[in-house]
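Asker: The structure is given below, and queries will be raised subsequently.
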Amino acid sequence: KDVNVLLERERSGGISSPSRDDDSTLQNQGTHSSILDDNTKSSAGLPEGRSKSSGLCFSDGKSRIDYILVYRKSSSQSEKREVFERNIRAEGLHMEKEASLTNSDVIFLKLHAPWDVLCRYAELMNIRMPFRRKIFYMHRRHKFMSRMEKRINKFRGWLPRKPMKFDNDRLPDLEENESFTAPFSRSRIHHFIIHNKDTFFNNATRSRIVHHILQRVKYEEGKTKMGLNRLLSNNSYEAAFPLHEGSYHSKNSIRTHGADNHRHLLYECWAWWGVWYKYQPLDLVRRYFGEKIGLYFAWLGWYTGMLFPAALVGLLVFLYGLFTLEHCQVSKEICQANDIIMCPICDQYCPYLRLSDSCIYAKVTHLFDNGATVFFAVFMAVWATVFLEFWKRRRAVLAYDWDLIDWEEEEEEIRPQFEAKYSKKERMNPISGKPEPYQAFSDKYSRLIVSTSGIFFMILVVIAAVFGIVIYRVITVSTFAAFGWALIRNNSQVATTGTAVCINFCIIMLLNVLYEKVALLLTNLEQPRTESEWENSFTFKMFLFQFVNLNSSTFYIAFFLGRFTGRPGSYLRLINRWKLEECHPSGCLIDLCMQMGIIMVLKQTWNNFMELGYPLMQNWWTRRRLRREHGPNAKAGFPQWERDFNLQPMNAYGLFDEYLEMILQFGFTTIFVAAFPLAPLLALINNIIEIRLDAYKFVTQWRRPLPSQAKDIGIWYGILEGIGILSVITNAFVIAVTSDFIPRLVYAYKYGPCAGQGRAGEGCMMGYVNASLSVFRVSDFERRSHPRTNGSELFGEAVKYCRWYRDYREPPDSAEPYSYTLQFWHVLAARLAFIIVFEHMVFAIKTLIAYLIPDLPKDLRDRMRREKYLIQEMMYEAELERLQKEKNEKKKKDRVHHKEWP
């Protein structure tokens, strides 16, 4: 058990400079104060009472608490617990029990892993530990370049420091020490940098080792009767969690006295709202919460950073529409069309309107549907590819820095439900060579067929909900048209759209609750073999349900609203009763913009409230109850395990809800971005708030989750790629079908004043509005569609002819009245051609970019090769030093023995 503590010396200066461990002293350069975790303080000689009251150690004030199990004495599973705890002791873990101060029925079981247990399981789990400081290889540079660098650095010294980075002179260095790592081995323990056995394994690693042990301890006789998860599921234990490292608040400022612990440091440098503009301390997040949560925040930060150029370009597109508003010929013609009478948009109750009444909506439409929209759609398609490709590179760098390159997931345990269902049939596992339960091919695929049928049925439920919203819009537009309030009556279509979107949002939120239960039922019906298979299946179902639920009404407005209504005198009707809704006289894009804007803002606001507001309210209620029962200062005297137990546990699906929210937002940002260029800006503002909300929730409102490892974001990356491909198709259809880009282009080159001249400017659009509106004779109205008024109260005489929006039909006096004109077929052909050209061009650009951007940066590849070479050299040199040392000791013993011989 003796450990040789090796101090690394700087050979250049001959000064000893020991490397700091993860949980050892963090030095504040400004005040020379240190950050010690409570266990280090206790081992440094603090009074036993203070160590005990801190709640981070056993009653002896020395043994660190690595894990907490909570159970109730009144539970009926005492026999299983006794066997489980007896086997825990057999594994070498130390245990201590203590009753709750607020409820005598609640018992806390504190677990501590001694040094020999940590070493044994660290070797079994192949945990990588530091064994030598890194030596960075510097290229030899020319003297001229060295002089230039000195001048540039001198010039940089005059500039203000980067505001988004932490000031290392005022705050501790947040980066991990650069050290080479290798899988821990007890036989080569003298190679590793061990200054303090208590801090060599950091808190996250200790908790992970203890959890690994608990998952493999039996509680009953039988090969499947083992593991903490099974005891949690049958209520033998109520909770299991690692401890936070003390309070996140401190009476003293971190800038003058340093941080009290790593949780306090995380709060001040990450979760506090005052540092919202700072980069995230990802190494500190990873050290405290583990690699899986660290990767989530790294991905979220990368996504937020990549939204800056997208938001900027989207804002410029919007500003371009704003600045060119007065020069838009189409808007001018609509605003000046006082003599153009539009047909009623609904049966009987809707009046005739002047086209000029749509002036404001035409101007708003131009803000989103202008000449820069096509460029922005191409830009966002390329942006999505660049985002994903550069995330691969960023993930590779993080995997290298966090020692995840060679990490592989362990052979997963079989789910207890799978074992219980298929325990009678067994076959040999080709990897482990042990018999395990087996699911027959016919049983597996019959369950998949039933599950797939359930998925399609729920999608039909979504379509039925959208159909209900369509019926609501059809009925309500007539009701609002006959409304007594003039503001509603004059804006009946906008009022219908607004209320329909709000009702649709409520339906979306209600169906999401139903979908979660259905997804759980269908996933359990499939009987996945392992937890990762269960998680991937559940993730896919939940994403598919929520994606369809969130975007189905948007797809309807973008591609179906106003497309199949027929024409006046021959309308298509639902159940031969209700006339289908038409687009607003200014176009269908205004409806799509309203749908996206309202849904996006409401959903993000609701999600942020539920993420932080719900835990805050629950924790506030718990604190209020404790103050009422034990006095106003009761919680301050509670040990750390009591305070953590009163916090909210992390949700049952881990990071699923956080990822799902961001992936759905990514879909909103890319799929219909051609109709709503401000979507990236709204997403950026939300994500800046989201990062700090999630950080605050993890640090202050939730129990500390079990630190776990992961190499990437899992199935979510494939979903992101699928959304990127879908966005190209939808944006092509939005530009070609929903917007007026193609009809304007056809008019400018073929039918306008500039026809045949090969140019298309605002001057070439004169007469476009009149050319795009078809003429209808009022006497041809169906009896049930004929308006109740003849328009004489608005126009002074009865209306004989009216126009309906954006249709190319022959006039009523022609040989074939109301048949499609040649211009209609030209526009249709141009739309189809644009969709094909746009999709092929954008997919070609995406493929080219993905090919040109390597997944692994060249400098990282060189660093990995050099590190592999240096590790081999170091291990060889260390082994030679050990052999030489043994040889010298043997010679010394032989010499002494020779002198003593008579």
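Each Cβ is built from the backbone N, Cα and C atoms, and glycine gets one as well.
I grabbed these lines from TrEMBL:
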type	residues	note
REGION	1-57	region 'Disordered'
COMPBIAS	1-12	compositional bias 'Basic and acidic residues'
COMPBIAS	25-43	compositional bias 'Polar residues'
DOMAIN	57-282	domain 'Anoctamin dimerisation'
DOMAIN	285-867	domain 'Anoctamin transmembrane'
TRANSMEM	296-323	transmembrane segment
TRANSMEM	372-391	transmembrane segment
TRANSMEM	495-515	transmembrane segment
TRANSMEM	543-562	transmembrane segment
TRANSMEM	663-685	transmembrane segment
TRANSMEM	713-737	transmembrane segment
TRANSMEM	828-853	transmembrane segment
COILED	866-893	coiled coil
Asker: Would you mind giving the whole-number mean pLDDT across the domain 'Anoctamin dimerisation' (57-282)?
Answerer: 79
Asker: Determine which residues of the chain contact the transmembrane segment (543-562) at the Cβ level, with the cut-off under 8 Å and only residues 6 or more beyond its ends counted.
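Answerer: Here the qualifying positions are 455, 458-459, 462-463, 465-466, 469-470, 501, 504, 508, 511-512, 515, 518-519, 581-583, 588, 591-592, 595-596, 599, 603, 660, 663-664, 667-668, 671-672, 675, 719, 730, 733-734, 737-738.
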Asker: I'm a bit unsure how to read this: which one of 495-515, 663-685, 713-737 has the highest number of Cβ pairs shorter than 8 Å with the transmembrane segment (372-391)?
Answerer: 713-737
Asker: What same-chain residues lie close to the transmembrane segment (713-737): Cβ under 8 Å, and 6 or more beyond its ends?
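Answerer: For the transmembrane segment (713-737), the list is 295-296, 299, 373-374, 377, 380-381, 384-385, 388, 391, 395, 536, 539-540, 543, 558-559, 563, 592, 659, 663, 666-667, 670-675, 831-832, 834-835, 838-839, 842-843, 846.
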